[in-house]
Amino acid sequence: MGHGTNRVEDMASPNNGTTAPATANARETIVEIHSVCLPPKKTALQKLKKRFGDVFFPDDPLERFRNQTWRNRMILGLQSLFPIFTWGSQYDLKLLRSDVVSGLTIASLAIPQGISYAKLANLPPIVGLYSSFVPPLIYSVLGSSKHLAVGPVSIASLVMGSMLSESVSPTQDSILYLKLAFTSTFFAGLFQASLGLLRLGFVIDFLSKATLIGFTAGAAVIVSLQQLKGLLGIVHFTGKMQFIPVMSSVFSNRSEWSWETILMGLGFLAILLTTRHISMRKPKLFWISAASPLASVVISTLLVFLIRNKTQAISFIGHLPKGLNPPSSNMLYFSGSHLALAIKTGIVTGILSLTEGIAVGRTFASLKNYQVNGNKEMMAIGFMNMAGSCTSCYVTTGSFSRSAVNYNAGAKTAVSNIVMASAVLVTLLFLMPLFYYTPNLILAAIILTAVIGLIDYQAAYKLWKVDKFDFFTCMCSFFGVLLVSVPLGLAIAVGVSVLKILLHVTRPNTLEFGNIQGTQIYQSVKRYREASRIPGFLILAVESPIYFANSTYLQERILRWIREEEARIKENNGSTLKCIILDMTAVSSIDTNGIEALFELRRRLEKQSLQLVLVNPVGSVMEKLHKSKIIESLGLSGLYLTVGEAVADLSSTWKAHGQP
């Protein structure tokens, strides 16, 4: 259809969604009819290359290598693999001063949290400190975030502990349990690094925000309830992670409750919560909440040491070995009946820790206006976990609480992680005997204080206000974790999210358009009261690709639109329906099933003496329609660039032929 001008009537439309009479308020205007062009010709290889690049390389990582000398390309390649070389050359004493302060600050938080989170994963407390030494060093070289503070985190610790303890007892078979923990960490790192290397980061997008809000809240509640063992002084406590067994264990073991433990535990919990509240209200006082865990550990340890001869009711950690991380590559479990469990645990904890780490890194990067490369972060976190599994570490990632402290303490680069690791190194070499009398209750109080912030009720309320289905997903995740199990709760939530995707894919939205009076704009008649139907036309819009999963549904839905429109016309004695205009602006792609559905729809409408018109198909869709010959079957008046041009041209044609 070539360029040209036609003298047509521009239908002015009355308000309130009514049908505009054919002769009412009509005025003659000149409307230029534009042709719908085919996209530039490309070979199949060119199309495949472009599609491959759009899917896997949306950021075009090779762009900065173009038009560079070989020497510069080598330097850029080195900086790409090791981001430390990007900022290392500009590093100075002023930056070091800031990083030392922030590194020592987060070390005061990382040491007690490392011990606490290791116990949460049913691992020896010393493993938590090991995991706060090696991984931060590796991340400081490979990571692209300036503020991410690396170490054990509560959610990954809980998931690993709950999944492994379902099959292996951490007390009765501690060596096997430790082997599985290290092996799970290795597979978590392998999975994370593979996603980054293969640029498959979109896999973690299946964990929607609604899923994570519900999951973290449910996990936080379970973690909090598990800490009642330490806060109440219970010795015989359930190893299960569900709400009912945990609460049953709490009340069935009332005889083991220790008033000394309860009194001291609640006292330190109140102090920790108070300091956390102060720092939240006044961010400049961040150091109060950052220092309070370590200060609480020191004070509680001193108290237990002083009263050790007067009461035996308060349990404490006991002996912790001094020294650097022992190698654990010989403990990796690559064969046997529990290998599948280790792989499954590694993948689940890997996804969760990766999601948290990247989200935290991007959050603080946006505050300082720099970019965190998602694929580099996946590789950095993956490689540090693989290396960690060989040096007696379990799954680590960027912690939100420690990263927030790191940011507020004025961290400038990843050197803050090196400083933190150095502080942990000093602790491992010289200070371990000082933790002998550290009470378990203070570890429980530290964990409780940390996980309370994971219950984001405001975000859940916002989901309820904005999207009820997302809120339903959130609640499925929350109650699944709380009542069923941590991994199954996560699986239920992901399943609901996938169901939502399938519903959008297989049952896409269709709209009826009308003309907004005095304009060439066509919009939904339900959304805009001033949008009016045009006599003789049914204008529909499809808001999704058309392919095998929804082509049959769309065909049936369009036919239903036609029946409803004809019934409305008959009821109101309106003008006969002559033309169905299908606005394809939002149809981003179409496959052979979709094309066949359009062929079938055209044939069925032809039998009813109705014309099918397509409007504004995008380039790739237009190309497929052209190759399938459907454009030829529609005729010269079957394809237009805009709805306004279609209505104007067809109306003038009908008028020229004397049709009403």
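Cβ from N, Cα, C; glycine included.
Automated prediction, rather than curation, is the source of TrEMBL annotations.
According to TrEMBL:
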COMPBIAS  1-10  compositional bias 'Basic and acidic residues'
COMPBIAS  12-22  compositional bias 'Low complexity'
DOMAIN    527-650  domain 'STAS'
REGION    1-22  region 'Disordered'
TRANSMEM  147-164  transmembrane segment
TRANSMEM  176-198  transmembrane segment
TRANSMEM  210-237  transmembrane segment
TRANSMEM  257-273  transmembrane segment
TRANSMEM  285-307  transmembrane segment
TRANSMEM  331-354  transmembrane segment
TRANSMEM  414-435  transmembrane segment
TRANSMEM  441-459  transmembrane segment
TRANSMEM  471-499  transmembrane segment
> Taking 147-164, 285-307, 414-435, 471-499 as candidates, which has the most Cβ pairs under 8 Å with the transmembrane segment (331-354)?
Replying inline: 147-164
> Which value does the mean pLDDT take for the domain 'STAS' (527-650) in this predicted structure?
Replying inline: 92
> If you count Cβ pairs under 8 Å, which stretch among 176-198, 285-307, 471-499 touches the transmembrane segment (210-237) the most?
Replying inline: 471-499
> Per DSSP, what is the residue tally for the domain 'STAS' (527-650) in helix, strand and coil?
Replying inline: 63 helix, 23 strand, 38 coil
>> So if I exclude everything within five residues of the ends of the transmembrane segment (176-198), which remaining residues of that chain have a CB under 8 angstroms from its CBs? That is, six or more out.
In response: 56, 121-124, 127, 160, 164-165, 168-170, 204, 328, 331-334, 338-339, 341-343, 345-347, 349-351, 353-354, 374-390, 392-395
>> Quick test of the contact rule: Cβ under 8 Å, at least six residues beyond the ends. What residues does that give for the transmembrane segment (441-459)?
In response: 112-113, 115-117, 119-120, 125, 154-155, 209, 213, 216-217, 219-221, 223-224, 227-231, 233, 261, 264-265, 268-269, 272-273, 276, 293, 296-297, 300-301, 314-315, 317, 400-401
